[in-house]
Amino acid sequence: MAQARRFIFLDVLRGLAALWMIQVHVLNVLLDPALRTGWFFDGLNISNGFVAPTFIFCAGSGLWIALSRKGEKFRHLTPELLDYLRRLSYILFWSYMLHVPFFSLDRTLYEPVENILPWLQIDVLQTIVYSSLAVLVVHALSRNLRTATWICGALAVVIMTGTAFVWLAGPIWWLPRPLSIMISPLPDSPFPLLPWSCYLFAGVFVTGIFMTSTDQRRLAMRMAIGSVLLTVVIFAIRNLPPMLPWDAIWWKTSPGLHLFRICGTVLGMSLLYLVEDRLQHSKVARGLQVIGNESLFIYISHLLIVYGSMGAIIRAATGLSYMGYGGVAIVYVIITLPLLGIMWWWHGFKRERPDLARRMLAVQVLWMILTFLLLPDDFDLVRMLLG
């Protein structure tokens with residue numbers, strides 16, 4: 001059973017993913033389209049593809065650890081379960097508010113249905129919440145964490161291999177539109193439950209196997225070496241016959257792609273575990289641990305900035321719509337450093353005054369709801385700020 005302590009190597013992994021995630025989104029918004037070719041961009045783009053899987057995988061890791069400590073309480077309607085569901089509800093609330101097509105009920109009521117459907121699209125946070133609920137159900141039905149761990153591993157494999165078949169069957173034709181959006185790729189959802197939930201199930205499985213090992217250091221070394229070797233095998237056999245259903249969409253969903261990304265995450269997890277003793281005494285690692293603990297804050301805050309008013313403000317200030325890599329790096333620093341400062345304050349405030357922090361979050365949710373209900377349809381924050 002997992003000990004009641006923070007596992008710094010997992011927090012650091014999540015912290016690194018959170019910092020890289022800001023870069024991904026700033027790059028996506030600002031990089032000049034003419035620069036989105038060549039070996040450097042391709043390599044950067046492949047590395048960016050590990051961010052969301054790592055983020056989701058770490059959520060699965062955290063859930064397994066929570067179940068190892070509170071699993072019996074999570075099977076009943078206990079305060080511990082209610083507290084966990086409250087946190088999932090908060091995440092789910094923000095996941096949909098970040099994608100509201102029009103932040104005004106006044107306008108939403110008059111828009112055609114096809115313009116409202118994007119509100120139902122599935123992103124990383126929704127995938128984490130719905131997949132976590134599925135794991136809770138599996139755990140409750142199996143009544144055994146070890147069994148639940150292996151079921152989650154099986155689910156990950158089924159989703160990796162089966163998503164292509166589901167997509168080829170055209171969910172839009174046999175599912176209600178709100179449900180088909182949840183499992184269909186763009187233009188429906190950027191991170192649909194199929195296949196992205198496989199990373200959370202994989203996180204539960206891998207963490208369960210690792211945490212229950214009698215020799216974690218030896219297993220970590222084997223996992224690191226195995227991840228590298230499996231990656232080599234994946235790309236060595238990728239173009240070999242026979243033809244498979246996912247060959248044409250390999251970089252969108254395929255067992256090889258998902259295993260490749262899981263291998264990258266497991267490699268990072270294993271290497272960080274092997275140096276965990278050093279991490280315990282490293283100020284940088286401690287800082288990354290705090291970022292990992294506050295990854296939800298980083299996730300929400302940077303999206304509000306990057307996909308909110310950032311582009312309009314930059315265009316108004318510089319006259320530029322796109323930038324080179326240097327400009328992207330400067331904007332990344334300008335966004336990240338203040339966010340980290342606010343994050344550190346919030347982290348300390350929650351620790352010192354947890355009850356007040358919870359009340360502030362409740363007020364935040366209420367304010368968001370009231371703002372949505374009351375804002376007129378022609379409200380424009382950038383126009384208001386810049387005159």
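In case you wondered, yes, glycine gets a Cβ from its N, Cα and C as well.
According to TrEMBL, the protein has these features:
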type     : residues : note
DOMAIN   : 6-234    : domain 'Heparan-alpha-glucosaminide N-acetyltransferase catalytic'
TRANSMEM : 12-30    : transmembrane segment
TRANSMEM : 50-67    : transmembrane segment
TRANSMEM : 88-104   : transmembrane segment
TRANSMEM : 116-138  : transmembrane segment
TRANSMEM : 150-173  : transmembrane segment
TRANSMEM : 193-212  : transmembrane segment
TRANSMEM : 219-237  : transmembrane segment
TRANSMEM : 257-275  : transmembrane segment
TRANSMEM : 296-316  : transmembrane segment
TRANSMEM : 322-344  : transmembrane segment
TRANSMEM : 356-375  : transmembrane segment
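A Cβ distance under 8 Å defines the sequence-distant neighbours of the transmembrane segment (356-375), meaning residues of its chain 6+ beyond its ends; these are 90, 93, 97, 100, 103-106, 346, 349-350. The transmembrane segment (50-67) makes contact with the transmembrane segment (193-212): 3 or more of their CB pairs lie within 8 A, with pairs spaced 6 or more apart in sequence.
Each residue in the domain 'Heparan-alpha-glucosaminide N-acetyltransferase catalytic' (6-234) has a pLDDT score, and their mean in this model is 95.
If you look at the transmembrane segment (116-138) against the transmembrane segment (193-212), you find at least three C-beta pairs under 8 angstroms, all six or more positions apart, and that counts as contact. Same-chain residues lying 6 or more positions outside the transmembrane segment (257-275) and placing a CB less than 8 Å from one of its CB atoms are 9-10, 12-13, 16, 49-50, 53-54, 57, 61, 160, 195, 198-199, 202, 206, 210, 216-217, 220-221, 223-224, 227-228, 230-231, 234-235, 250-251. Among the stretches 12-30, 193-212, 296-316, 322-344, the one making the largest number of Cβ pairs under 8 Å with the transmembrane segment (150-173) is 193-212.
Same-chain residues lying 6+ beyond the ends of the transmembrane segment (12-30) with a Cβ under 8 Å from its Cβ atoms: 44, 47-48, 50-52, 54-55, 58, 265, 268-269, 272, 279, 285, 287-293, 295, 298-299, 302-303, 306-307, 310-311, 314, 322-323, 327-328, 331-332, 335-336, 339.
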